[in-house]
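A short worksheet on the structure shown next.
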Amino acid sequence: MSKLPYSTKDVHYDNDKFRHRSHFKVISQSLTNSSTRISCANCSLGKLLMLLLISGVACLFLMNKSSPALETNSVHNATFTEFTEVAYQRPPRLWRRPPRLPPRLTPDEMRKKDSSLDDSKWVLRQQKVKEAFNHAWSGYKSFAMGFDELMPVSKRGTDGLGGLGATIIDALDTAMIMGENDIVKEASSWIEKNLVSRINERGQVNLFETTIRVLGGLLSAYHLSIGGNNSTNPEMLLEISKVLGDRLLLAFSSSSTPIPFSDVYLKDKVARPAPDGLSSTSEVSTLQLEFNYLSEISGDPKYYSEGMKVLEHMRSLPKVEGLVPIYISPQSGQFSGENIRLGSRGDSYYEYLIKIWIQQKNRRDTDLKYLYEMYTEAMRGVRHRLVRKSIPKGLVFVGELPYGAQGDFSPKMDHLVCFLPGTLALGATKGMTKTKAIESNLLSNDDIENLKLAEDLAKTCFEMYEVTSTGLAPEIAYFQIKGENENGPHGGNTSSEYLNDIIIKQLDRHNLLRPETVESLMYLHRITEDPKYREWGWQIFEAFEKYTKVESGGYTSLDDVTSVPPPKRDKMETFFLGETLKYLYLLFGENDVLPLDKYVFNTEAHPLPIIGLVDEI
């Protein structure tokens, strides 16, 4: 029987079926088993000599027998130590081992690693927002300090809100949240030296605008200052809040109904209705968060009492599935006209129904339960009466009923309506995350539908930015709907998927640096924890930086977002510092900063603590 081609030693290899034999064994076995092997291999001495010969050849082949280092050292008579250190080199490998892979991370470790990288990205982006705030403030401080607003292009100030230095007060709590203590000191110092005299000397102010921007800003700064910010004097802020609050109460006491007049004349200490005799529904119903908190911290119930009379009265008025007209008469106490919309003059009525209910934790299930019921009914009405889809791509939007429930539907949607996704999400989960609310079985059918609508509308609001040439939204958009062939100009971004769904008319193309979309993105990111809302917010911020930043300081509103470069409007609204940049900063930051289950933001983004949780904050 002939010999097997492998030596018997190979049998003892571990897993030898799959392991390669050494090259030495392959060569030696091939030679010893070849039919041409020499006859001396039959003797033991011949085998030994053969093996020695093969070993020598292999060693010579493997050793670097003509090392340049060795020759060099020999020529220079190197010492033995130098010779051994330099001349001896590891024989080169005839084949490479596979590279060593790093240890494989567990799924949890991978998530932590990705989260860490993501966190650092958003820290940097949040810093960019802070830099934008500083740039906005520097322009205001340089050219308009003490005025209500900055005109950044013409580098001057203007008083469009009664001359109370509205930008200073609107921006104060944003600076506190961002930790910009130098700005906090500058703003607080101005308020302490000037605001009371301004209140006593100035003329006409709008009740609504002064309450949400000035009173709301003072109250928020008061709360944040007692929480540990040493750059402000909380007692001073409270005293000025009471002075202003008392003057604004004139709008209530001057009216013969629970509906207040729209205008207050500060110096004369009187209040009057608007020239047409009407008040906006949103304006008279968007005062209560501020007045309620002023009563809470001052110990005087009069502010709460006057503010809540408005909503108690509105509770009894006729509605269309919870929806209300945008005007109301202080003389009759009745709604005026039939125009129903969630844009200007209607928007924050619905926002404050749910937010006041959330604010008053200890009264939610007792005397304020009606607010939650009014909100729930109204959102059902929105879904039934006002929500439609555009064609051809099916964007969900909220339209208007300009002639009431029996009139035609208008596919018009103000940018102001983009507050609604955030409010819907807040009303659904009451500030907790969607995941936690579902796990705790806390979502009703209405909540689930409202949360779905919130996410759909947030996408539409973002696409109102994406569809334009500048990446910034117009003030008003119209949507193409089935049954109507309204042809109109588009936004200019021909790569947008929704170019044919959204119509932007000539007079609606301006952008005022409004906050409503980024406000909703902040709410939805915190509640759904979906990172896309942050990415959308970053795209919007980059567009603001690219097209609205004025090099000398400040940011400007625009006349036409569909053209590049866009013509400038020369106005930096106070809400750009008080709302837009604040919501972007919070969107890019940690969710435990001003958490939604402990704070409620007024319609000007001033955070106020939920009453009943004050000791916990």
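Note: Cβ is positioned from N, Cα and C throughout, glycine not excepted.
Residues or ranges marked as active site, proton donor by TrEMBL: E209 (among others). Sequence-distant neighbours of E209 (active site, proton donor) (same chain, 6+ apart, CB under 8 A from its CB) are L161, G162.
TrEMBL lists D347 (among others) with the feature active site. Using a 10 Å Cβ-Cβ cutoff, D347 (active site) registers 25 neighbours.
Within 10 Å of the Cβ of E475 (active site, proton donor) there are 19 other Cβ atoms, across all protein chains. The feature active site, proton donor is assigned by TrEMBL to E475 (among others).
There are 24 other CB atoms within 10 A of the CB of E516 (active site), with all protein chains counted. Annotation comment: TrEMBL describes E516 (among others) as active site.
On its own chain, T603 (Ca(2+) binding site) has I212, T286, S348, E351, Y352, F419 as residues at least 6 apart in sequence with a Cβ closer than 8 Å to its own Cβ. Residues or ranges marked as Ca(2+) binding site in TrEMBL: T603.
As annotated by TrEMBL, disulfide bond applies to C418-C461. Cβ contacts within 10 Å of C418 (disulfide bond), excluding its own Cβ and spanning all protein chains shown: 29.
Between the CA atoms of E516 (active site) and C418 (disulfide bond) there is a gap of 5 Å, rounded to the nearest whole number.
Here the Cα atom of E475 (active site, proton donor) is found 11 Å from that of C418 (disulfide bond).
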